[in-house]
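Report on the following structure.
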């Protein structure tokens, strides 16, 4: 439709003298926020890292998926926006709650209903990808002992992390307490990019401190350095432009600190607390029909551990407990 509009001469807002005309006072903080909100649409580039264990030949297919998807998504999004401005002015774009729907109403006539359906299908596709990958983040955290062990359990037949999926559902519903979608995007975007920057910085530090460790996927350090420069610009000016929103985002992130000290750092917990967690884990196992996967030695593959007594043991145990358990006779 955008190509048809251009061929009909409807490209007033694409002409350079109009496309770059300022209709409000430029502000470096607003530019940073625009990047932060716009980058939310491209946030899928990192989600595939959460499911590398489930990828076939991840060292080859992970970079291939990223190299193919980011240029493809960029091409589609940029030209979709070019199509929008052939039918709508910048003021109309900002005033619209659903740009694609408004675009369809202007050009499609009686077929305008196609656009909201297309948007809904696209949204469901995005949610499906987010659910599939984000639940693996909780699954991996529980396996490392940073979350309750039940989140690291999988279904006995389908091998899906059902408790982690349910936990993702609950945490998602909690995010919906805010009615302002743009504020929620700012919360999520700020926290995400904060962690992205720390992760990329960690890559540079490891390359310097441990240059000889195996790196199946290795890139030039120029890329993470450029990313960190952009990251610093984005977060600093976003914090300067919206200190309250970014401050609330930081506060949300810091709520994990007391949870860490309570659940991980504090090893000598009262017996009643451990009994409660054990009972909760057992009930969750029965409701979801899940067990903890046991790693096969030397194969890197997981097999179902069906020993109910072992299932009730927490993932994270103090060293003394492990030594004590090892002294017990095995059946």
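Backbone N, Cα and C atoms are what each Cβ position is placed from, and that goes for glycine too.
Keep in mind it's a predicted model, so treat the numbers as computed, not measured.
It is 190-209, from the ranges 190-209, 270-289, that TrEMBL records as transmembrane segment. Checking the ranges 66-87, 132-153 against TrEMBL, the transmembrane segment annotation falls on 66-87. Segment annotation: TrEMBL labels transmembrane segment over residues 162-184 (candidates 162-184, 300-322).
Within its own chain, the transmembrane segment (190-209) has Cβ neighbours under 8 Å at 36, 39, 43, 46, 221, 224-225, 227-228, 231-232, 234-235, 238-239, 245-246, 249-250, 252-253, counting only residues six or more beyond its boundaries. Counting same-chain residues at least six beyond the ends of the transmembrane segment (247-266), those with a Cβ under 8 angstroms from any Cβ of the stretch are 145-148, 186-188, 190-191, 194, 239, 316. Against the transmembrane segment (221-241), stretch 28-45 shows more Cβ pairs under 8 Å than any other of 28-45, 107-127, 162-184.
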